[in-house]
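**Q** Feature annotation from Swiss-Prot assigns substrate binding site to Asp30, Ser31, Tyr62, Gly63, Asn95, Thr96, Thr207, His208. Residues annotated as active site, proton donor/acceptor in Swiss-Prot, with sequence analysis given as evidence: Cys94, Cys206.
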Amino acid sequence: MATARQGENTISLEAIPSNLPSRPTILVFDSGVGGLSVYDEIRQLLPDLHYIYAFDNEAFPYGEKSQQFIIERVVEIVSAVQQRHQLALVVIACNTASTISLPALRERFTFPVVGVVPAVKPAAKLTRNGVVGLLATRATVQRPYTHELITRFATDCQILSLGSSELVELAEAKLQGEAISISELQKILRPWLRLTEPPDTVVLGCTHFPLLAEELKMVLPEGTRLVDSGAAIAKRTAWLIANLDNPPLSTDRNLVYCLKITPKVATLWPILQRYGFNSLEKLPL
């Protein structure tokens, strides 16, 4: 039987050791816990891999940080994990970090690095009324990269962008067991809700937002389609893993790294266990 053990920098399960098979290690990284939505999609497709989830609760949220800070921070965190584990592949499960740091990561490391981008292309194909909503952080909405996606894949659609950092906070709160205020969601989405022809397809352009899918469907008009990048990222990851030439293997258990252990992080431990993780540790930088 497993029992919980908590130290200054570690929360873990103490259990009778089991012989785990050797398998490739995937690091999934986000500034917060929103990347768990992407991790969950990947794990459903590839359940037998070794997973590390890392989140930067010390610098969260990234939306208000400078580009240089984000690049240096993400490279530093991935480097710190790589020093402790032989990584086969890294997924940057954060839209803000992906649009900024991928070139630097791919230049620094030899393993594949997968990023997430708003699912504008599939949404443009799915819309029936030609009105697509892009729900993301303010930073993602304003990025030139996002505008390029719209220009490339959605010129035939009306794109209504809505930037909200409040939704990120609500998603984090929900994962920690807090009730979500429907009236607060209605207030955030009011620019769309008061339109005579609101979006019939909404791009969830932040990895936190799939965690709020149930509540968003309650507020948005009936039949509104929600589109995110999770499934596409999982398929891309599966293809890359299948085509790696002699990737490094691990027999370790799944674990989570944060940048500081706080009471708030400790409350996440039961949720992280349900996601299949065996320990939560502070990552020294």
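Even glycines carry a Cβ here, placed using N, Cα and C.
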**Q** What is the nearest of the binding-site residues Asp30, Asn95, Thr96 to Cys206 (active site, proton donor/acceptor), using the Cα of each?
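**A** In terms of Cα distance, Cys206 (active site, proton donor/acceptor) lies closest to Asn95.
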**Q** Considering only the binding-site residues Ser31, Tyr62, Gly63, which residue has the minimal Cα-Cα separation from Cys94 (active site, proton donor/acceptor)?
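**A** Spatially nearest to Cys94 (active site, proton donor/acceptor) by Cα position is Ser31.
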**Q** Within 8 Å of the centroid of the Cβ atoms of Asp30, Ser31, Tyr62, Gly63, Asn95, Thr96, Thr207, His208, which other residues of that chain place their own Cβ, given that this set defines the recorded substrate site?
**A** Gly32, Gly34, Gly35, Pro61, Cys94, Ala97, Thr137, Thr140, Val168, Cys206
**Q** Work out the three-state DSSP category of Cys206 (active site, proton donor/acceptor).
**A** coil
**Q** If you skip the near sequence neighbours and keep only those at least six away, which residues in the chain come within under 8 angstroms of Ser31 (substrate binding site), Cβ to Cβ?
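**A** Set apart from Ser31 (substrate binding site) by at least 6 residues yet with Cβ under 8 Å, we have Phe55, Asp56, Ala59, Phe60, Pro61, Tyr62, Cys94, Thr96, Ala97.
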**Q** What three-state secondary structure does DSSP assign to Asp30 (substrate binding site)?
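**A** Strand, per DSSP.
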**Q** With Cβ-Cβ distance below 8 Å and at least 6 positions apart along the chain, what are the contacts of Asp30 (substrate binding site)? List them in sequence order.
**A** Leu36, Val38, Tyr53, Ala54, Phe55, Asp56, Ile92, Ala93, Cys94, Ala97, Thr207
**Q** So which of the binding-site residues is most packed in, judged by how many other Cβ atoms lie within 10 Å of its Cβ, out of Asn95, Thr96?
**A** Asn95
